[in-house]
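These features come from TrEMBL:
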type     : residues : note
COMPBIAS : 297-309  : compositional bias 'Basic and acidic residues'
COMPBIAS : 350-369  : compositional bias 'Low complexity'
DOMAIN   : 108-174  : domain 'Mechanosensitive ion channel MscS'
DOMAIN   : 185-277  : domain 'Mechanosensitive ion channel MscS C-terminal'
REGION   : 290-369  : region 'Disordered'
TRANSMEM : 23-43    : transmembrane segment
TRANSMEM : 63-84    : transmembrane segment
TRANSMEM : 90-113   : transmembrane segment
């Protein structure tokens, strides 16, 4: 029996490659190509078993990517070793090389470490709907070691390095339970029927298809909340009574549309019940210590005409319409309803005291004061 033995050292073989121009470079390229083909084959073989082993898609994808990259890197290093490259040569200038590599790779290493933390902490998963601290909403498309890719609701991709992703406040709407609790504030006047307003606001929420209108209580931690919409008196404000509606949405994917539909229904139902929504306003009261109230009155001859003052001792209850556009000092336009009550106690006016026209509670000689 004849036995063949290879006795030529690797150095002789690399020297033989060196005699051919470009042979060493081509050998390294060939090694990388073989590594890429081998990596694809390995990924195809282990892809499904790894996906079944790990329930989290992001972890399974990270393992598969690691195997693919590791195979290619190993093929590249093998090619360098085969052509006689000595890795001990890299030790020359280790201090300088370490400083340069540290500066260049610091952000990359930071993103890598934060990517590991994201995969370990599991704050979100591929397919979850999230909202960033700047209001951007979208779905997690991919989580890698270096970055997180978000497919926004505006049909755009947002790629965020993991270092920045961990520093931001992220709201996950899809974690465990997709039902989301929302709120809507409605300010009504004190003269309105508050009980009727609350009933109509709750009925408006129940009429929305995307809103949960009943069923068992929803548990959040150790607390339980009523699944039906509830409208409560939040506070008594300066301009009206603040009512707050709390309701649950079935899916978090169209929150803006649900909010718009709910606001429209609330506006229509309150208008049918003649419940007035409050708005910022001021009620000014003038008495004998407040100076002189000046009111511009309109008659049949035109707008903003001066009127004669009645006797100081008379009592007048007058409702007038002041044309603010007649005031040359302010240049404002529009009409303002003014209610004047002149008597011994003073004058009560709801309007603009700076119209520049004397009112019904002053003496004509005092109009310039």
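Each Cβ is built from the backbone N, Cα and C atoms, and glycine gets one as well.
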Summary of DSSP states over the domain 'Mechanosensitive ion channel MscS' (108-174), given as helix, strand and coil counts: 20 helix, 23 strand, 24 coil
Residues of the parent chain within Cβ reach of the transmembrane segment (23-43), under 8 Å, 6 or more residues beyond its termini: 14, 17, 64, 67-69, 71-76, 78-80, 82-83
Secondary structure content, the domain 'Mechanosensitive ion channel MscS C-terminal' (185-277) (per DSSP, counts of residues): 34 helix, 28 strand, 31 coil
Integer average pLDDT (0 to 100) for the domain 'Mechanosensitive ion channel MscS C-terminal' (185-277): 91
